[in-house]
Structures are given as C-alpha cells and as structure tokens.
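S.K.: TrEMBL feature annotations, pasted as is:
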| type | residues | note |
| --- | --- | --- |
| COMPBIAS | 573-584 | compositional bias 'Basic and acidic residues' |
| DOMAIN | 441-519 | domain 'BING4 C-terminal' |
| REGION | 1-105 | region 'Disordered' |
| REGION | 539-612 | region 'Disordered' |
| REPEAT | 356-390 | repeat 'WD' |
Amino acid sequence: METVPKPSRDVPPKKNRLQAKKKKPRRYWEEETTLTAAGASPGPPGNKKRNRELRHQRPKNTNIPKKSRFSRKPQLPKKPRERRNPEPQRSLSGAQDPFPGPAPVPVEVAQKFCRIDKSKKLPHSKSKTRSRLEVAEAEEQEISIKAARSELLLAEEPGFLEGEDGEDTAKIRQVDIVEAVDIASAAKHFDLNLRQFGPYRLNYSRTGRHLAFGGRRGHVATLDWVTKRLMCEINVMEAVRDIRFLHSEALFAVAQNRWLHIYDNQGIELHCIRRCDRVTRLEFLPFHFLLATASETGFLTYLDVSVGKIVAALNARAGRLDVMTKNPYNAVIHLGHSNGTVSLWSPAMKEPLAKILCHRGGVRAVAVDSTGTYMATSGLDHQLKIFDLRGTFQPLSARTLPQGAGHLVFSQRGLLAAGMGDVVNIWAGQGKASLPSLEQPYLTHRLSGHVHGLHFCPFEDVLGVGHTGGITSMLVPGAAEPNFDGLESNPYRSQKQRQEWEVKALLEKVPAELICLDPRALAEVDVISLEQEKKERIERLGYDPEAKAPFQPKPKQKGRSSTASLVKRKRKVMDEEHRDKVRQSLEQQPQKQEKKAKPTRARPSALDRFLR
C-alpha cells in the first residue's frame, strides 16, 4: 500500500481558506511593514506566489498557544520598544517637518497670564509642603503657557478711533461715527426721551446684554437693549436714587426713598429690606454675593443676597454718604467724603483699611479701573486726579476742569469717562492697565440734559449715560474687551445655562472675611505668625518639643516589636523627658521667687495679708 510522502521543507504546505484571503491593499500613507526573508532585498513584484508561500510558512520549533475563549488576565497592549535612532516623523506627503515640536511661546506673553511671583523664594518649610508648592508652580507655569497659546485663537481685536492727518478725534461727532460703522454697530446708538421721569440712573448686567434704569420720579424699567425687548416697566411711586443688577439679570435692587427693594425680571417685588433705609448708592460684589449700600445716616451695610442676612454694618463717621464705588480687583469699597478724603473699607474690619487725602474740598466722584491699579477722583476744587493704588497712594496726574466732574467711570480697557454738566469727556491711554492721558480728550459729546449717571457696557464699545432728558447710548470705539469668557459671562446663554452657572457660582462663593487690599496675600505663608505661635507654645509648655529629634525604638525579636509595644516605649521615653523638664523648671522657680521677694518688715502689719 502506497503512503503519501510527508511534505519537506522545500514543498510548500497546502493553502487553507484563511490563508487564501486577499491581502488588504496598502495605502500611500502607510509604512511598509512586510519584512523580507533572510534580510535580503525585496524581489521583483512578478513572483507574487512564491512570496505569499514564504510568508505563510511557520518555523518548526515554535509553540503557539491556543487562544482560550475566556482569558483569566486582561490582555494589555504591549508598548513598542523605543528605537535608539528614531526616524523623524513625516507628513502625509512624505516631507519632513522643518519645525518639529510645539511652537515656542514668547516670555512676555506667558508672563501676562502668570499669577505666581517667581521673584519671591519659597519659604523654608517641610519637604512635603515644599514639594506641593513646587508642583503648584509647575502647574501654574503650564497653564500660563496654554493660555498664551490660546490667545492666538481669539477672533476679535480691540481698535481705537484715529483721525486723518492729525485730526482731533474729540471733534468727531456721534453722527459721523454712526455713519461710518456697520448697521449692527449703528443700532447700538440710540436716545430714549424720558423727560417727565428724569433724571435717570442706569446699570448694565455683567454679561452686557441687559440694561436697568430708574428715574428720580419713580420710573423703573429693564430691557434687552440689543434687541430693544422690554422685560419689565413699573412705577414705584417714590424717588429712586440708585439701581443695580444682582448676580444675574433675573434680579435687581432699587434704592428707593425710604427702604431697599429687590425685584425680579417681571417687575414683581420680592423683598423689602427695612434695615437698609435712606440708601443713596448701591454696589454689588458678584464673587461674594454681597450688596453694599451707603446711606444718608453714614452707615455702610453689606447684605448677603444668597442667604438674606446682613454681614456687616459699619459706621463711617463722616456724615452723609453719596459717593461710592467698588474695586473690581479686590472687592474693596471706596467711599468719598466731604472733607476731601477717600476711605477704603472691608466687611472684616470696623475701621477703614486706608485713608487718602485727595482734594481740598469735598469729593464728588470716585472710579477704579478693572485691574485695581488706578483710582480717579474729582472734587469741589475742580480737580481731576488719578492715584496709584499699588501701595503708594500717590497722585500720578492731575487736571483742572472748568466745571468739575460730577460722575466718573472706567471702561474694561482703561478709558476714563467724566460727566461735567451736560458734556461727557472721555480720555484714553495706551491700552488695558495703562494710565489715561488727561492732556487731550479722546471723545466729547454734548447731551440734552445734565449727566446723572455713567456706566460702560461690558464687552461692547458703548457708554450708557443717564441724564435729565432720559437715556443715551454712545459709541466709544476701543472701550470694551472684545473677547468674553463663555463659561463666566456669556451674553448669549440660555435660561438653562444661566441656572447651571448660578449654582456653580453659589458653590464657589468667596467668604466676606477674605476681602483685603492684597488678595494675593491669602496664598502666602504668614511666617511672623508662625514664629509667634511657636514662641507662645514654648512658653506655655516650658520646653521646645521640636528641638530634639523624636525617639525611635530599635526593633526587637520574638514578637516584642509589635506596634503597641513600640508606641508604649515611645510614650515612656517622652514621659521621662517631660518629667525632667518639669523638674528643672520647678527647681528654678524658688530661685526666681527669692530674687523677686521684697524685704520683710521688722514688725508685721495687718495689711500684709493683701500682699502677693
């Protein structure tokens, strides 16, 4: 009987159906992974059958384990070995990248977003604390670099009004600006003729989308000023002195003739705070949820609108308070007084944090820029001054005005607007956080009535002016920040997004006790207090517990080195050291008493019982 000969090495095995499958064609961007046999160069493409047979052959001495249906251990993908001389990565076209790696970031741009001062050395602390500080510094540096890279993605750029051939921009009228801009920007300039209820005070919401205004004769209204859609309109039947939006456009506070009232966006009265009476000015701190009120009686009151409680009621002891503003950088309240001084207040202190003598007469208006660097003041002496708030509190520039400014306000990019009678003057600087130049005004506009309120609209080149004739919306090119943070102040957010943002803001509310002049000091270590606390602890215990290294018992055998026995031995040694310290202190006490003892009299007296 004939037997079938066994296949030798030269005879190729029979093809299976799986092996006979057609090979997937290789794309032009995929690298060729097929290795040639015996390290030889690949042969001509004509001999395809022979190459396929060599590729399907298996070596003899290879034991390939069968794949089980259920594997006991999870099979993780193996990491490819790193080559010693890796080839440079190529693009789709096959060309080598001439600029490998991430693009470099200029140091000046990254420094703008950095919040940690690297000039200060880290304090000498424990290794664990020091490692945490180093990790925080590294994270801050990485975040600043990412923020500098993302700055290139900002679509909008700020711009200013420039005259042709040395033309004075202060002579350019609002009509000329409206004719030159596009239709959407021209619609932002409008006038509301409301003479029968004026003069008016106004306020924009944080997103810059809604406007609230109140007249002296009781007229209160809020509207979406972009679409001109009226939200609510009421008459409170008494004088309105000031109006402010709270954390969102759904709530606003009105300082009426007698008490403070809070309304919703439908005009429904929600609260009447009778403890805040005869209020003249209002300011809202959004990150602390605090509503600050200044009254005729001279009290500065902080109301927490999240819980409805009064946090602090401070007596300024300076008479009537009708000049007030806030510092957006550190949430400190600035009050102007009739004796020419400006005082800085925090709810954590009963006394002012600082007092600045600004004018020879009474202070009429105060304004602080968005960076907390400069403060502008105007007084009865017709002087307009700009002060430096970075610790020196010294005047940087001054200008004499013919009528004196009754209202001042800073824009997001550092433009300063002043209301003088029926004229509004605007001064500009070189950019954000720069000193406005008071030599030549940037823009000038004359109104139909006397100015009663000024406020720049956030994220829009618009200045809202409240006067005796109603409301005027002016176009001021280059006044606002062109790019907004969609997670913080989004003008186009929906009602659901507003509710979610409100919950998040309440969870991240900053306590009122943390308001101070320098908010960066909260992240620093108070070395002086630590040393004082350590000194008091040494005086209280009679010895320094950290002077000697703690006792470490040696390990023993036969089960005598358990955790409980180690703790007992440590405590025994500590008790012995403590007894020695107490014994030494008791021995030194009689010597001190002998030195302090007074010479006894020769004859005792009845009054000796009162001596100690």
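In case you wondered, yes, glycine gets a Cβ from its N, Cα and C as well.
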S.K.: Helix, strand, coil residue numbers for the repeat 'WD' (356-390) per DSSP?
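M.R.: With helix first, then strand, then coil, the repeat 'WD' (356-390) has 0 helix, 20 strand, 15 coil.
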S.K.: State the mean pLDDT for the repeat 'WD' (356-390).
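M.R.: Summarising the repeat 'WD' (356-390) by its mean pLDDT gives 94.
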S.K.: On the DSSP side of things, how many residues of the domain 'BING4 C-terminal' (441-519) fall into helix, strand and coil, could you say?
M.R.: 17 helix, 22 strand, 40 coil
